[in-house]
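Feature annotations, reproduced from Swiss-Prot:
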- GLU148: active site (ACT_SITE)
- HIS147, HIS151, GLU224: Zn(2+) binding site (BINDING)
- 10-30: transmembrane segment (TRANSMEM)
- 41-61: transmembrane segment (TRANSMEM)
- 159-179: transmembrane segment (TRANSMEM)
- 197-217: transmembrane segment (TRANSMEM)
Amino acid sequence: MNWEVVKLRLNMALATLGIVLLGFALALAVADYAFGAQFGVGLMLSILMFIFFLNIIQWLFGPYMINWAYRTVEVTPTDPVYGWLYSTVAEVAKYNGFRDVPKVYIADVPFPNAFAYGSPIAGKRIAFTLPILKLLNRDEIMAVAGHELGHLKHRDVELLMAVGLIPALIYYLGWWIFWGGMFGGGGGNGRGNNGGLLFLIGIAMMAVSFVFQLLVLSINRMREAYADVNSALTVPGGKENLQLALAKLTLSMDPGALEKFKKKSTTNQMASMLFFTNAIEEVPTWNARELVEIWKTTKVPWYAEIFMDHPHPAKRIQLLEKVSKY
């Protein structure tokens, strides 16, 4: 049994459950205080239904919008140029127990990235941008595919969409309380002449929703780490090739990253790297290997990734090292 994986799964489960329970408890208590139990619960349910409906629409039709925004072209097994990419994804899909191969797309955008997406009506999909295909070799592409297919296998989109309802619920509840205070109070224990108090509670709730959004980001970082682990455990050579892929992506976006990490700079937010532009197309493998070795011993302070949706690359490298020991 791989205890690092067990620990990661336990942390994800506890964090997700904690955010949901704490968020609902806070919203229910504040709604009761501001509007009374009956109206407060009704308002909460109405808000939840509203944001749930919007999220469902976005989830169902989002893949089509992504294809349009990223100018994607589907790759078929017989494609004379990129047929190898389809066969690569098919091989990784087999390793991960997929019954059908997800649809494979190439995105015509100027930065290196890969992403998995899909919905019940659009099916499972995985896309690679043209720059990442030039930057990485086939083994590294396989490792990246193992990461992305891990998101599909673990249903990360659906889970994060569900958890993301909590900060939205708290924000819109705060918005209602804010305007209730502006017009003289609600209908619960805080009504009457406490419009000013409700006004402040509304502002506080909207601020608290931002804190919950940071907690959701922490869940996202865990899911990204879990996808890394999936690649390491299901793809032959996945650990080493995913490490090299991450280093090459970092160096392509910031050719000076190696020197920065040599100076032990741990505040550079690399997780946003996948959304930069003007990447270089070739990165020497020995530079990537050197950066991986530096990351293995880099100490990352807790606050370095608080606003990031991906773990710090050094943490990703170190987790992959721990997982591979079992």
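Cβ coordinates come from backbone N, Cα and C, glycine included.
Features as recorded by Swiss-Prot, highlighted on the structure.
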residue: HIS147; record: Zn(2+) binding site; Cβ neighbours (10 Å): 26
residue: GLU148; record: active site; Cβ neighbours (10 Å): 24
residue: HIS151; record: Zn(2+) binding site; Cβ neighbours (10 Å): 23
residue: GLU224; record: Zn(2+) binding site; Cβ neighbours (10 Å): 20
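Of the chain residues outside the Zn(2+) site list HIS147, HIS151, GLU224, ALA116, GLU148, GLY150, ASP156, ARG223, TYR226, ALA227, ASP228, ASN230, SER231 have their Cβ within 8 Å of the site's Cβ mean position. Beyond the transmembrane segment (10-30), the same-chain residues lying 6 or more positions past its ends with a Cβ under 8 Å from any Cβ of the stretch are 40-41, 44, 159, 163, 166-167, 169-170, 173, 177, 201, 205, 208, 212, 215-216, 218-219, 222-223, 226. Here the transmembrane segment (159-179) has long-range neighbours at 16, 19-20, 23-24, 26-27, 30-31, 34-35, 43-44, 47-48, 50-52, 55, 59, 186, 198-199, 201-210, 212-213, 215-216, 219-220, 223, meaning same-chain residues at least 6 beyond its ends whose C-beta is under 8 angstroms from one of its own.
Away from its own ends, the transmembrane segment (197-217) comes close to residues 15, 19, 23, 26, 30, 33-34, 160, 163-164, 166-168, 170-171, 173-182, 185-186, 190, 306-309 of its chain (Cβ-Cβ under 8 Å, at least six residues beyond either end).
Cα of GLU224 (Zn(2+) binding site) to Cα of GLU148 (active site): a distance of 9 Å.
Beyond its flanks by at least six residues, the transmembrane segment (41-61) meets 27-28, 31-32, 35, 119-122, 157-158, 161, 164-165, 168-169, 172-173, 176 of its own chain at Cβ-Cβ distances under 8 Å.
Mapped onto three states, the DSSP output places HIS147 (Zn(2+) binding site) in helix.
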